[in-house]
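Going by TrEMBL, these are the annotated features:
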type   : residues : note
SIGNAL : 1-41     : signal peptide
DOMAIN : 42-142   : domain 'Phytocyanin'
REGION : 145-168  : region 'Disordered'
Amino acid sequence: MAANPDREVCHRAGRGGKMLLPVMAVLAAAVLASLPSAAVATNYTVGDEKGWNPKVDYTSWVKKHRPFYKGDWLLFEYQNGRSDVVQVDEVGYDNCDKESAISSHSKGTSYAFQLKEAKDYFFICSYGYCYSGMKLAVTAKKGPASSSPDSGSSSSSSPAAKSSSKSAAAPIAARNAAALAAAMLLRLL
């Protein structure tokens, strides 16, 4: 009968290899520590509990939550038929003018927008509330939230969570390396 290498490892670990488990745990910890840390994107509900509505100070809201980073999500919650979310350029923002709109969303009661590039973003409500302050200017910076490997995806995709909590977005390579290390450890036990 041929010798089974897995059985031999288990046999050795059972008799005199009591140090094998702590050594393997240290090795697994070292492998995991050497992996790149997971990038974290933040999901922001615009206006917090007040949402995307008239009579909300969005300038103060931006100051409260900044800095924003590439990869972060903005969730606009609004009343269907009473407001919309229009992405415009800076001139459209300054003049509350939707004529040069980049995008416009008015269906449903919410819209999720990902900050895919490090740049300035401008949003207004085209229902007339822009003139009383229902507009938002956000600057996204390069930085820790650059977690979107698919920068060409549609901006209408929704985030995993709709609150302003942090959600880990571990890179695929890090997850695969951690799974491989765990599998190797289990095989040796």
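Heads up, the Cβ atoms here are built off N, Cα and C, so glycines get one too.
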- Query: What mean pLDDT score does the domain 'Phytocyanin' (42-142) have in the model?
  - Reply: 96
- Query: What is the three-state DSSP composition of the domain 'Phytocyanin' (42-142), stated as helix, strand and coil residue counts?
  - Reply: 21 helix, 35 strand, 45 coil
